[in-house]
């Protein structure tokens, strides 16, 4: 999986996905909630 955030040298996720606390992309509250690093509300 593509790494994002701190673990991925500041990379953002494709398709407006949230960057979770462990540096992986996803769209569930696990990624978008507590610990989210970027695009936590999509690409607005």
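A Cβ is built for glycine as well, from the same backbone N, Cα and C atoms used for every other residue.
Since we're looking at a predicted model, the values are computed, not measured.
Just so you know, the Cβ of residue 19 (disulfide bond) picks up 28 other Cβ atoms within 10 Å once every protein chain is counted. If you look up Swiss-Prot, you'll see 4-19 (among others) marked as disulfide bond, on the strength of sequence analysis.
When Cβ atoms from all protein chains are considered, those within 10 Å of residue 13 (disulfide bond) total 24, not counting its own. The annotation disulfide bond is assigned in Swiss-Prot to 13-25 (among others) on the grounds of sequence analysis.
Residues or ranges marked as disulfide bond by Swiss-Prot on the basis of similarity to another entry: 16-43 (among others). The secondary structure of residue 43 (disulfide bond), as reduced to three states from DSSP, is coil rather than helix or strand.
Neighbour list (residue 18 (disulfide bond), Cβ cut-off 8 Å, at least 6 residues apart, same chain): 25, 26, 27, 31, 32, 36, 38, 39, 40, 42. In the three-state DSSP assignment, the secondary structure recorded for residue 18 (disulfide bond) is strand. Per Swiss-Prot, disulfide bond is recorded for 18-32 (among others).
What Swiss-Prot lists as disulfide bond is 36-40 (among others), and the listing cites sequence analysis.
The domain 'Chitin-binding type-1' annotation in Swiss-Prot covers 1-42.
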Listed in sequence order, residues with CB under 8 A of residue 16 (disulfide bond) and six or more positions away: 39, 42, 43
DSSP-derived structure type at residue 25 (disulfide bond), helix or strand or else coil: strand
Pairwise Cα distance for residue 4 (disulfide bond)/residue 13 (disulfide bond) [Å, integer]: 6
Rounded to the nearest Å - Cα separation of residue 13 (disulfide bond) and residue 19 (disulfide bond): 6
Tertiary contacts of the domain 'Chitin-binding type-1' (1-42) (same chain, 6+ residues out, Cβ under 8 Å): none
